[in-house]
Amino acid sequence: MLFLLFLLVAPIYAGLILPTKPSNDPFYNAPAGFEKAAVGEILQSRKTPKPITGVFVPVKIQNSWQLLVRSEDSFGNPNVIVTTVMEPFNADPSKLASYQVFEDSAKADCAPSYALQFGSDVTTIATQVETYLLAPLLDQGYYVVSPDYEGPKSTFTVGKQSGQAVLNSIRAALKSGKITNLAEDAKVVMWGYSGGSLASGWAAALQPNYAPELGGNLLGAALGGFVTNITATAEATDGTVFAGIMANALGGVANEYPEFKQILQNDTDKQSVFDQFDNHCLADGVINYIGKHFLSGTNKIFKSGWNILKNPTISKIVEDNGLVYQKQLVPKIPILIYHGAIDQIVPIVNVKKTYQNWCDAGIASLEFSEDATNGHITETIVGAPVALTWIINRFNGKQTVSGCQHVKRTSNFEYPNIPPSILNYFKAALNILIQKGLGPDIQKDQVNPDGLKKIPILV
């Protein structure tokens, strides 16, 4: 009996020899002279050290690689990113989905290229669970690329760094044919939810000027739980069970802007708390800061409270990283937006403003599918069939909407022509989530803190 148990457990145990974290992995280091390479150039490559994770078991796919890619930060300074390319069985080398995870962290060891590997730390559980969203893309036979778009400084919520990294990741993937067998002229669709939508949205908006040559490859972008104003998310989450998202965001912006970091440091007498903002992944960050007040209340971390946003330096940085303020940046590719009307983490008001900005600017194709009964958490699942249906239609050459179209449905499960297998897949996922003890009002983003603390063992 013990021998049989060993036979069952041994393969799993072998898989749990942990992958090396980015902070200790030389592959992530920029090689000498990398600055001379063009953006999007592959500097080195390797098979992923571990298989792609399915949380408890590896995902069975044909192959996966990591590419070290030349990119640049918000100021045009050269840097490198790692991107992960996944090849399913019976892959179609003419189709590539660029999936941006909601990393939502200011810590290097939370990078998707590490988190997507089987055996990665439990603190990366949010990214690990996102393989549930990746699976239908792979099942369609699409190659999938997922970049470490926050870059080597882990600049969570920094728009330009993120968008440029996504585009340079796509450039690299399209040049990787000798490694991956992906066609250089492959068609590409981008997809991201929440923090991943921020990166995807910035990529779509920057593409006409930053990567115009990709215009012939890109078929569109699906943006869910669309983050266009980081201040609004801070206001919505401060002092709530999701305050950790705000802490991670402050850490991410501080990683890119030293002057931002200095102003925050000078405004707190709780330096030990501030010093930990870049030391959490999404799940442990949320759990660690439940109910914490950073800019509100009598025991806030920053003495100036919300008045700190009136500081001209802070105000400019915040606006520079909010798509809602960038009226001059308008995508030229078709766009799908899906969002929950009762989202308590990313308020829909700024999504509507961005939608209107793009419509007023004459965007060629913008579809907005608004869900009346779901908030940020459950829309991750309920909105996914919308994105997948739209993506499949894009790859199959079906026509997108002409101009702007905004439709509000009771639930995005009602989106037209969702393939039954995809709809059933995500309905089952929603039922599992609701039954996991996070609270009876989870669809309204009202989460039981005790249930939230169980996240690592819920999945």
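One-based numbering along the chain as shown.
From the backbone N, Cα and C atoms, a Cβ is placed for every residue, glycine too.
Pulled from Swiss-Prot:
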SIGNAL    1-14  signal peptide
DISULFID  CYS110-CYS281  disulfide bond
ACT_SITE  SER194  active site, charge relay system
CARBOHYD  ASN229  N-linked glycosylation site
CARBOHYD  ASN266  N-linked glycosylation site
ACT_SITE  ASP343  active site, charge relay system
DISULFID  CYS359-CYS404  disulfide bond
ACT_SITE  HIS376  active site, charge relay system
- Message: What whole-number Å value do you get for the CA-CA distance of CYS359 (disulfide bond) and SER194 (active site, charge relay system)?
- Response: 22
- Query: Going by DSSP, is CYS404 (disulfide bond) part of a helix, a strand, or coil?
  - Reply: strand
- With HIS376 (active site, charge relay system) as reference and a Cα-Cα limit of 10 Å, the qualifying recorded positions from CYS110, ASN229, CYS281 are none
- Proximal but sequence-remote residues of the same chain as ASN229 (N-linked glycosylation site) (Cβ under 8 Å, at least 6 apart): GLY322, LEU323, VAL324, TYR325, ASN350, LYS353
- Task: By CA-CA distance, flag whichever of CYS110, ASP343, CYS404 among the recorded positions is nearest to SER194 (active site, charge relay system).
- Result: ASP343
- Message: Name the residue among the disulfide-bonded residues CYS110, CYS281, CYS404 whose Cβ has the smallest number of other Cβ atoms within 10 Å.
- Response: CYS404
- Item | recorded positions listed as SER194, ASN266, ASP343, CYS359, HIS376, least Cβ neighbours within 10 Å | ASN266
- Message: Can you tell me the CA-to-CA distance separating CYS281 (disulfide bond) and ASP343 (active site, charge relay system), as a whole number of Å?
- Response: 22
- Message: In whole Å, how far does the CA atom of ASP343 (active site, charge relay system) lie from that of CYS404 (disulfide bond)?
- Response: 22
- DSSP, reduced to three states, assigns ASN229 (N-linked glycosylation site) to coil
- CYS110 (disulfide bond) versus ASN266 (N-linked glycosylation site) - Cα distance in angstrom: 28
- Item | Rounded Cα-Cα span from CYS110 (disulfide bond) to CYS404 (disulfide bond), Å | 37
- Item | Secondary-structure category, per DSSP, in which ASP343 (active site, charge relay system) falls | coil
- Tell me, by DSSP, whether CYS281 (disulfide bond) is helix, strand or coil? coil
